[in-house]
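Quick look at what TrEMBL annotates:
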type: TRANSMEM; residues: 12-30; note: transmembrane segment
type: TRANSMEM; residues: 57-79; note: transmembrane segment
type: TRANSMEM; residues: 85-104; note: transmembrane segment
type: TRANSMEM; residues: 111-130; note: transmembrane segment
type: TRANSMEM; residues: 150-171; note: transmembrane segment
type: TRANSMEM; residues: 178-203; note: transmembrane segment
type: TRANSMEM; residues: 215-235; note: transmembrane segment
type: TRANSMEM; residues: 247-267; note: transmembrane segment
type: TRANSMEM; residues: 279-299; note: transmembrane segment
């Protein structure tokens, strides 16, 4: 009976986590569509200090969609292990990228499509190998987990490292090193996920009619969550303001998810009941998602499609075989003539430099 109940809760958590990704990914598209409509009407844009978007129903639909996604994500932690819920947050990035290609005419290049496919495959592998049973079901059990020496040491290290980064390293290197602010968000995020997990359990007990509001741990978790989330938002906004979003997003996802998985392993000891193949499968799925997110973001501005692939391969083959393009081949294809002439000139210059000829300079 307990095993059946655990599988039932696991399925609910999985559905909530995937629903959260869909709602959050779609919210970006709705907000963007609303802002674009305002721009076409000539209203003052949000980036210029305008607030006309408050009168746009698409923007409000996006805001409500994001709220629904966050609620679903919050509830998912009450039913499924954090080891599963947190990595699945990457699906919101995929949903946003795919919907952008359909509704915002933003092209998804070959690297992005491969990245989406890899992230979906990695998520599937993680779902298959994730721990099925949930150990913590009450606030009393949660309080015992939080008092475990291993977690106390981990939480203390997180607080010390965060304070050093905030007050010592941040003022000196935060403007130039992308890892400073992102690391602050990520390690604090591990604690915030633990608070969310505890509050989710508390809400389940509240619906069951138990006096949760009289339990001091409930208010401690709520206050800790407010402090952690406020800190995360502050330093994540700083990172996004200074550095490129396409670089911040994948780095933040990797460090944040790694921190959450580490915290989950220490606090809930989910890994102790997993077989070796499930542990390997979970890490393999996580690494696959990382590669997919990297391909999706790092090469998003590169215009590369399947149509470019045969030409690239043909050039690589010719270079490997030592065969140079002839002038006749170049002028036989007008659309490629300028590119070919440039390639011939660069090849001649390279050859001249290798032979020590000064004419190449």
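Numbers run from 1 along the shown chain.
From the backbone N, Cα and C atoms, a Cβ is placed for every residue, glycine too.
Any TrEMBL annotation is an automated prediction that lacks curation.
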Among the ranges 12-30, 85-104, 178-203, 247-267, 279-299, the one whose Cβ pairs under 8 Å to the transmembrane segment (215-235) are most numerous: 178-203
Cβ-Cβ under 8 Å with the transmembrane segment (150-171): same-chain residues at least 6 beyond its ends: 180-181, 183-184, 187-188, 190-191, 231, 235, 262-263, 266-267
Contact check, the transmembrane segment (111-130) vs the transmembrane segment (178-203), 3+ Cβ pairs under 8 Å, seq sep 6+: no
Any contact, the transmembrane segment (247-267) to the transmembrane segment (57-79), with at least 3 Cβ pairs under 8 A: no
